[in-house]
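> Heads up, here are the entries from TrEMBL:
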type    : residues                                       : note
BINDING : Cys38, Cys46                                   : [4Fe-4S] cluster 1 binding site
BINDING : Cys47, Cys50, Cys55, Cys69                     : [4Fe-4S] cluster 2 binding site
BINDING : His262, Cys297, Cys335, Cys448, Cys478, Cys528 : [Ni-4Fe-4S] cluster binding site
Amino acid sequence: MDIKIRSSDPAVIALCPVAEQEGIATVFDRYEMQQPQCGFGTLGLCCRICWKGPCRVDPFGDGPQAGICGAGKDTIVARNLIRMMAAGAAAHSEHGRHIALAMQRVGKGELPDYHIRDEEKLKSIAGRLDIAVADRTITDIAYDVATKTLEDYQNQDSKVPCHWISASLPAKRLSLLGKLGVLPHNIDATVAQIMSRTHIGCDADPENLVLGGMRGALADFNGMALATELSDAMFGTPKPVVTQANIGVIKKQAVNIAVNGHNPLLSEVICDIASEMNSIARDAGASEGINIVGICCTGNEVMMRHGIPLATNYLSQEMAIFTGALDAMVVDVQCIMPSLPQISECYHTEFITTMDENKMPGARHVSFHEDKARETARKIVQYAIDAYGRRDAKRINIPDIKQTAIVGFSSEAVMAALATLNAADPLAPLVENIVNGNILGVALFAGCNSTRAIQDENFQVIAKILARNNVLLLATGCGAGAFAKHGLMNQQATEAWAGDSLKAVLTAIGVSAGLEGPLPLILHMGSCVDNSRAVQLATALADRLNVDLSDLPLVASAPEAMSEKAIAIASWSVAIGLPTHLGIVPQVTGSAVVTDLITEGAKDLFGGYFLVESDPALAAEKLVAVIREKRHALGI
Ligand code: CUV
């Protein structure tokens with residue numbers, strides 16, 4: 001296999017031959033082995049919802065046009081689609097619940113290993129949730145914030161929407177979503193309703209199903225908004241920090257520990273403990289002590305908050321092990337390939353699962369609970385140090401491939417940078433430059449990598465074209481990882497790729513904010529749950545201009561989306577009014593009705609819609625055209 005047709009990441013191109021030599025299959029090999037993939041599944045036309053099935057609808061119209069129960073293609077496709085949205089919402093919201101429960105216990109004084117590190121942020125959240133802060137202790141406020149947040153999982157009054165969505169979107173948007181009946185009142189109930197209405201013999205109306213799915217997607221937004229905000233209060237709100245990304249951040253002379261997954265509750269403590277255990281690592285022979293590196297969204301979390309370097313993003317997570325110098329990979333939840341423990345077994349690498357509901361065959365399981373966080377983290381770091389002693393020097397192969405990245409652009413950090421230009425009215429410089437056209441518009445890149453695209457390629461091609469057209473670029477998730485690895489999140493990238501007027505704006509802000517040069521070409525806003533940060537910024541802009549989110553020259557793009565979570569994110573992005581590009585054809589095209597619903601139909605209802613285009617250059621052109629259209633409608 002020519003790996004260059006599967007990945008554009010030079011580290012992957014360097015390490016895949018190592019895997020081949022070792023006779024170990026990678027995600028790219030398994031993709032080949034899956035070809036040709038099932039056409040019914042690709043179109044969304046395979047139904048496995050009951051045991052009379054699986055049933056399939058013939059897309060050419062010759063064979064059966066309904067499943068055994070009578071469900072036709074539109075019902076089958078819609079049910080499959082919204083179950084994915086529900087799964088995505090469940091994943092993000094479970095992550096959020098985990099953080100909220102931990103914060104509630106911090107509030108009760110039950111978790112000595114955790115603290116409220118950002119008291120200002122906690123108070124600002126409390127204000128948004130109408131919780132009093134004057135003359136109260138931080139722990140009391142934390143308890144109330146967490147308790148009110150948890151009401152979003154418990155409220156049974158369907159007329160009262162979830163607190164977090166109410167506190168996060170412009171009034172105009174909330175009113176529209178309320179009228180459409182898609183504002184979630186309870187995350188768990190919304191997910192359960194999707195599972196229930198898609199059971200055999202329930203909701204069969206494609207439009208009704210898709211609207212129910214959109215409510216689930218908005219519950220996903222609610223779950224990620226609260227996850228982000230509570231994490232900031234507990235672990236700190238990100239500020240710009242210079243770090244490095246790609247596999248070359250793994251160090252030969254250090255005990256290398258990769259944290260992989262999503263939830264910062266464990267990785268934060270691992271970072272703390274690692275710095276305390278450096279001398280033990282040195283005594284074991286690792287002259288550079290302990291080196292924590294990140295993968296996927298846990299990587300983004302610790303990168304944004306502490307400048308921990310990012311080893312890689314989703315599709316290349318296996319590559320870290322092929323360096324032969326990864327002593328442990330510690331995982332929590334989501335987007336962790338089950339192949340990893342098997343590959344680790346071929347090396348000296350300790351593969352450690354930590355969440356009782358996320359175990360993997362072949363892994364060592366160290367059960368993580370917040371009340372013993374430091375003790376557990378110490379045990380995990382010790383396993384890594386022990387593994388270091390078992391390294392095989394002959395198999396060490398760390399390609400010297402890494403790029404500088406400036407990360408940490410929370411919405412607070414963006415506002416702080418803007419405030420250096422105009423303290424009284426920080427949004428003014430941004431608004432002025434959008435209105436006068438120096439910034440044509442804003443694009444948010446999100447989502448995963450997929451074997452259905454050349455890894456990281458769509459991200460790079462689209463971003464460079466948009467930047468040339470003076471579009472301000474934001475990124476989260478594995479998209480952010482892709483940009484960081486490929487050197488598009490540094491000042492050199494701004495010099496190389498930004499259009500003249502965008503470059504001037506990024507330089508003015510960067511210099512004024514003390515960066516001694518422009519802001520990076522693409523602002524790293526964090527992990528997937530941190531997409532809520534971009535919405536926060538967009539909401540501030542919309543409120544300032546007294547328009548709705550759908551009026552802004554703002555687009556979203558998930559050019560290599562893959563996970564159910566990404567489907568949920570892309571769907572709420574549509575529901576809040578954003579034209580949302582997908583570079584991978586979603587598994588809905590077996591139904592013209594559903595395809596139309598999420599494109600043209602959604603446009604009529606929400607103002608947002610899906611724009612599917614798998615050619616990245618064409619996608620970029622279309623996104624620029626959409627931004628121009630929005631400007632025209634605004635009269636700017
Ligand atoms: Ni949550 S969801 S592959 S790690 S962005 Fe990365 Fe990000 Fe998709 Fe997963």
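Glycine is no exception: its Cβ is also placed from the backbone N, Cα and C atoms.
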> Quick one: which residues besides His262, Cys297, Cys335, Cys448, Cys478, Cys528 have a Cβ within 8 Å of the [Ni-4Fe-4S] cluster site's Cβ centroid, in sequence order?
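Neighbours within 8 Å of the Cβ centroid, excluding His262, Cys297, Cys335, Cys448, Cys478, Cys528: Cys296, Asn300, Asn313, Tyr314, Gln334, Gly477, Ser527, Ser563, Lys565.
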> Taking Cα-Cα distance, which of the binding-site residues Cys55, Cys69, Cys478 are within 10 Å of Cys46 ([4Fe-4S] cluster 1 binding site)?
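Within 10 Å Cα-Cα: Cys55.
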> Within 8 Å of the centroid of the Cβ atoms of Cys47, Cys50, Cys55, Cys69, which other residues of that chain place their own Cβ, given that this set defines the recorded [4Fe-4S] cluster 2 site?
Arg48, Ile49, Lys52, Gly53, Pro54, Gly67, Ile68, Ala71, Ile76, Ile200
> Please report the Cα separation of Cys448 ([Ni-4Fe-4S] cluster binding site) and Cys38 ([4Fe-4S] cluster 1 binding site) in Å, rounded to an integer.
22
> Are there any residues at least 6 positions away along the chain from Cys528 ([Ni-4Fe-4S] cluster binding site) with a Cβ closer than 8 Å to its Cβ? List them or say none.
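Set apart from Cys528 ([Ni-4Fe-4S] cluster binding site) by at least 6 residues yet with Cβ under 8 Å, we have His92, Met224, His262, Cys297, Ala446, Gly447, Thr476, Gly477, Lys565, Ala566, Ile569.
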> Given Cys50 ([4Fe-4S] cluster 2 binding site) and Cys478 ([Ni-4Fe-4S] cluster binding site), what distance in Å do their CA atoms have, once rounded to a whole number?
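Cα-Cα, rounded: 34 Å.
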> Have a look around Cys478 ([Ni-4Fe-4S] cluster binding site) and count the other CB atoms within 10 A of its CB, chains all included.
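That number is 38.
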> Hey, how far is Cys335 ([Ni-4Fe-4S] cluster binding site) from Cys47 ([4Fe-4S] cluster 2 binding site), Cα to Cα, in Å?
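Cα-Cα distance, Cys335 ([Ni-4Fe-4S] cluster binding site) to Cys47 ([4Fe-4S] cluster 2 binding site): 24 Å.
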> Using the structure shown, find which entry in Cys50, Cys297 (the binding-site residues) has the sparsest Cβ neighbourhood within 10 Å.
Cys50
> Fill in the CA-CA distance, Cys69 ([4Fe-4S] cluster 2 binding site) to Cys478 ([Ni-4Fe-4S] cluster binding site), as an integer in Å.
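Cα-Cα, rounded: 40 Å.
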> By CA distance, which of the binding-site residues (Cys38, Cys47, Cys55) lies nearest to Cys478 ([Ni-4Fe-4S] cluster binding site)?
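Given the candidates Cys38, Cys47, Cys55, the nearest one is Cys38.
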> What number of additional C-beta atoms lies within 10 angstroms of the C-beta atom of Cys47 ([4Fe-4S] cluster 2 binding site)?
25
> Here are the binding-site residues: Cys38, Cys55. Which has the lowest count of other Cβ atoms within 10 Å?
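Output over binding-site residues Cys38, Cys55: least Cβ neighbours within 10 Å is Cys38.
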> List the binding-site residues Cys38, Cys55, Cys448 whose Cβ sits under 6 Å from any atom of ligand 1, in sequence order.
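List returned for ligand 1: Cys448.
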